[in-house]
Amino acid sequence: MADQPTASERFLQGILPENPVYRQLLGLCPTLAVTNGMKPAITMAVSVAFVLVCANVVISLIRNLLKPHLRIVIFTLTIATFVTIADRVLAAYLYQMSKTLGPYIPLIIVNCIIICRCEVCASKQSPFIAASDALGQAIGFGLALSSIAAVREILGTGGLFGIQLLPAAWPDWVIMVLPPGAFITLGLLLGFVNWLGMRKSGGSI
Amino acid sequence: MKSFFQTNLGQAWLVLLLALIFGSSLAGVQAALGPRIEDNKLKETLEKVPVVILGQTAADDLAAKGEPLTITPNTVSIDKNGITKFYTLYRADYADGTTAGWVAKSSGQGYADKIELLVGMDGNAQKVTGLFILDQKETPGLGNRIVEDEWRAQFSGLSTDTPFKVVKIGKGGVNEIDAISGATISSRSVTKLVNQAVSDLKPQVAQLKTSGKKGEK
């Protein structure tokens with residue numbers, strides 16, 4: 001397949017040009033829900049990265065056995081397995097965090113980023129390329145989550161990771177920690193990233 | 001005649017094989033991590049028992065004074081309509097030996113998945129002292145609001161004489177609980193679990209209390 005991107009192209013594309021949140025607008029449910037603090041955002045990003053890499057590699061390994069009409073079933077089966085593993089590991093080693101994230105970890109099963117990468121890349125290319133694609137997308141997702149979480153946590157509580165950053169006189173904008181803050185932050189950052197992209201490509205808005 | 005690989009079963013061989021492999025590896029993960037998860041839950045339960053009985057501030061005060069409650073777990077079995085149900089009932093005693101209250105662990109079906117909760121009752125099981133949700137996977141933003149203090153606090157201080165009833169608007173009657181808007185089923189499930197635990201265990205508390213005291217003498 002000469003027209004398929006190479007491993008390094010896949011990797012780099014995932015980080016910004018095809019960023020899952022800012023470019024593809026995928027996985028917005030966890031993006032909005034768990035970005036009220038840096039810690040849950042990073043735990044979520046790591047869990048997604050684990051599931052994404054494992055699912056992509058497994059699908060890529062069995063890509064020649066896939067029947068077209070059964071592929072979605074197999075994708076879901078694979079993804080659900082790794083999500084369950086991630087969920088159990090969190091419950092065993094990061095119990096409080098797993099309670100904070102609540103149903104959002106099991107909901108990774110229906111996260112479009114992963115099924116999209118299985119469909120677009122892993123079911124067509126070799127395991128190495130699939131793994132670098134997954135890593136790129138996972139880093140892109142992690143960057144998106146942490147950028148939103150950073151803005152929300154700093155404005156909402158005046159600190160990051162519980163460390164006070166802004167002067168104590170800062171009137172904590174509680175709304176940034178609440179759901180509306182997620183929409184406002186995502187909207188503004190999305191606009192900002194698009195504006196940067198436009199400027200770079202020389203276009204005008 | 002069609003060859004095996006043209007039949008439905010033959011086409012699905014990969015799905016079946018993967019299901020088998022993934023299923024057994026998940027069983028392995030559960031076997032390895034299950035005890036640790038149970039430990040975490042038990043630890044949280046023991047931490048929450050004083051809070052559910054006394055409330056956060058009073059529980060913190062006691063812990064600060066260095067006189068934490070002594071917590072004894074009891075397994076209680078209840079025969080109802082030929083089915084035996086098991087509860088874990090924690091008894092919490094003050095340092096001087098008087099009973100502060102009882103906490104029952106109960107679980108059952110919610111809207112999305114099993115809900116596990118702790119119900120606190122005072123020493124004579126006359127009043128519900130508090131409620132804590134140990135585990136739930138209800139709808140984010142709607143059903144999972146059962147974990148919020150404000151909703152759970154409705155149960156605190158209510159008498160156990162009449163069962164709790166969920167109402168959608170205008171609570172005012174005896175032992176009525178406001179439903180969370182958009183999550184009536186979750187609200188009802190929790191209330192049902194509380195009602196069951198209270199009605200099942202209220203007689204048991206009296207019994208355990210007398211037998212416990214006899215033991216002390």
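Positions of Cβ are set from backbone N, Cα and C atoms, glycine also.
Under the heading transmembrane segment, TrEMBL lists A:41-62, A:74-95, A:101-122, A:134-155, A:175-196.
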Q. Counting Cβ pairs under 8 Å to the transmembrane segment (A:101-122), which of A:41-62, A:74-95, A:175-196 comes out on top?
A. A:41-62
Q | Considering the transmembrane segment (A:41-62), which listed stretch of A:74-95, A:134-155, A:175-196 counts the most C-beta pairs under 8 Å | A | A:134-155
Q. What parts of the chain pack near the transmembrane segment (A:74-95), using Cβ distances under 8 Å and only residues at least 6 beyond its ends?
A. 43, 47, 50-51, 54-55, 58-59, 62, 66, 101, 105-106, 108-109, 114-115, 118-119, 123
